[in-house]
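To start, the structure under review is shown below, and the notes come after it.
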């Protein structure tokens, strides 16, 4: 409870009371998530990490870091990365990985920009009126990209890492050909408006991010599909014996991943009405870092949307904090890598401490010592 | 090499003395002592979870004892490591064989010896002769150039045995070597064990199967709950006494079986079911409310029949009718749609999501039925289901949120059972329902099945545990070499008849 | 039948060679300018750096791991060495330059190895992390400027050709560095086949726990593997700088996936335990030939990335489908075998 309240104090000093509402929400989520076994690992840890990061940079350079513009920037930059990270989390839940998410997002942005420009050259008003349709088309392209990944993984049976490595090349390659390698300008006016809008000082983009997070949390925890995704990742064999339709579940998972990536592409355009094939190439690593930091188990079965949201914010805070104290983006890259590896080492050490005997003999679960020990319990 | 020393010196090659070991404060072994004498097969028997594997791990250096000593060739060690054990001449043939599936048979046989010799270079040319020599000595026929991953289970085992011998093993520990073998393969293995014995190898044969223990060993140690219950020459034991020592009670032959209503409609009809190489022409019917036993030796096809009915490996030919309606079962989803449930043989890898909570496991197979109008899961519905089974099946855990990993065998099996009961199946198949389950839970699980059967569910129990079949089944089908050979009913169902029909 | 199987190779090297050959024939028919010494030599030259990278990736993949940090290690080691020599104003000669670079590369590989082996972490994610760290560290602590001039010994090597043939279509050059790369291939092949270290890589890739039980020093081997990858990457980094006659810190990183694709196409299994040097070299050549052919046919270079992706999907997809069919067929054959045995037993 206490770190929770501290966060609340910390942030409400710095910004409008709208954040208090958000934090209240966070608070109730925290309590709810902490009660769930397995899901709290990332969330609990990230609350502390976020707090530490905010405090550190607030002390190092309060004038720049705590300025409303900087906080605004964090809230505007976080959503696109956060949504891709959530997509990565969903895929990682099944024990897979999707390296093509950023390529899909760019593809979606390029689709929207191209469609808009094509229509706008003949009839600018029509283009803006059709804004919603164009955006939906972009998201649909994302879904299609995700569905193709799902097809390769579930029906053809290619290992996720190789399948998405290949599709990343394919999507990215097509995008390069399509754009001729240059940056496209132009997006429906509606997107620009969304990018600028704010509700009670909270950027609309950030609110969209939170809504998406809530929806995915509902999907993962409160729907049959979500539970099946978790079970498939936790033990594929037992999932098969529990009549969980593996192919359909994987296909849907990767499609959802593509859908979210497509949405992230829309946010790219909302922030900046330009699209290119090479945008956000550093995001591929970043979203994996965020997903793992947020408590996603890379071998599948466990993840927390809330943890991933907090991890996104933390890394965004670190990024802007680095800028505030005049460190380069390369130093930020180092920090990302170091944080990722430190967290994984920490997890590995703490988990091996709690289930030592099992790790010694993973090959023989039926004869493993903890089972024996457990059987001997009165 | 094969000359047999006629007067065996009674000095053991390996002795474990006063070994104790506990995991996280829970004792797994308490003051256990065992001697391995050259030219003798020592059987280590006990039910699953009695501490057999921990003892093996300590002798082979994979685990350190808390107290006690290991004496090899008269030299005492407080503990040994795996490398030292191998160099001392102790070889373990693990239950999973620990072979390299991507390497050839010859490489698998020779590689560990090369490692032990500390050599840096590897000469593919010398591998084949070395492996051939072993094969000739044991009079075995294996294709040395094949990859181990392509071999049958029996050939994998032979490879593992050859590998143990290449290292000039003086003591060989075989951990449940017959688990995956068919009947004839087992007799081949026993012949091989005789030959090893003649070579003066000290053997430790770990098993929980009574006939095997009696057939193969000269000396016997029985363990129960981490303690050494009894040790002595095998000739002093019979099946009944071994079983008594293993379980700690007399063999229970009492039948608690309700009168079967033979006029009850058939819940399941199987006619002329065949699967190439697994079973052929299997036909039987299952009444509503009946508990039907299906038994046979390992590899007889009993598991394959169940897995075909559940859609894991669909049958090639034949018909399956559920409630009188013809259902083509090609996938597991087909089976579940037809309301067939299956508690699989390998509970830990096939039945449970170990790291997930009890609650998550209980609803794993019935998620679709907990859907609300909005497509989300009904939290209230799920909570009711979980409570119903968590309490109803007396799952012993602090709460339903505890991960299944922390449960004992009996409780874990109840979770698998709960998962299927939650789907309200008309036919529930259980493969080895009480393997690795303590006695108390065993009784309770059987009682649960009786109660569900009385409520109208039809149950198939696949098992080679004769007392269990006697205790609960209305009828028992005996499968031999893929064919249904006997159907036992009423008074015919006794431990002796079942065991006789199974192996005859 | 057995001879046919031998030709096909244990990792489908034969099939790959056939595809490569078919492609070359088809291209030569479609466009006669393709079938010239010039094209051949330039493909070989373009394959030099990828082959060295691929050897490193092959070694890791055989153990069941993956390394995506090799490109960052390569440019770090190569660039740092050049930068050091230029700033210190002395030229240690080629052996010295390679020694420094290999030392740097192996140390970076050691970081990967120790993290992976000590804590048994997923290799992809660890090396993704270290990739960022190495790359960031190079920019932050080594430098970010472009060097157009190289130390004298490197500059001299850049223009050394092994063969210099005048053909009807102009002069064709075969770069000298093809020779050490060939030697490196032979060396790696020898290590994989004829040393216990090499066999232990296959054993670990086949079953890590079994390797441990068999007495292999699993952790130590893992660390050595990543150091070896680092060293190979460093060699590739220096050679890349030599061939491009300049040291650009932005080079190489981003091209990891092409290499991994080539290794996987070459028959190495991403799950470990399978892969050969011959297959890997064929895989790299196939990717290079396809790139080259596309250019010749007039496909814009922008399509290259897509082409590699499609190639990977096809290669791995066919393998995946074939593996599934194989396992199905094997079950039936095994069934027939055991059925026959049953029959014999019943008969006797």
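Placement of Cβ uses the backbone N, Cα and C atoms for every residue, glycine included.
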Matching range for TrEMBL feature annotation, transmembrane segment, among C:8-29, C:96-117: C:96-117
Feature transmembrane segment in TrEMBL, mapped to one of the ranges C:302-323, C:324-345: C:302-323
Given ranges C:124-144, C:145-165, the stretch to which TrEMBL attaches the annotation transmembrane segment: C:124-144
Ranked first among C:40-61, C:96-117, C:124-144, C:223-243, C:302-323 for CB pairs under 8 angstroms with the transmembrane segment (C:172-192): C:40-61
Stretch contact, the transmembrane segment (C:124-144) with the transmembrane segment (C:68-90), Cβ-Cβ under 8 Å, 3+ pairs: yes
Candidates C:40-61, C:96-117, C:223-243, C:302-323; stretch with most C-beta pairs under 8 Å toward the transmembrane segment (C:68-90): C:223-243
Contact between the transmembrane segment (C:40-61) and the transmembrane segment (C:223-243) (at least 3 Cβ pairs under 8 Å, separation 6+): yes
Residue numbers, six or more beyond the limits of the transmembrane segment (C:302-323), whose CB comes under 8 Å of its CB atoms: 12, 257-258, 261, 264-265, 286-287, 290-291, 294
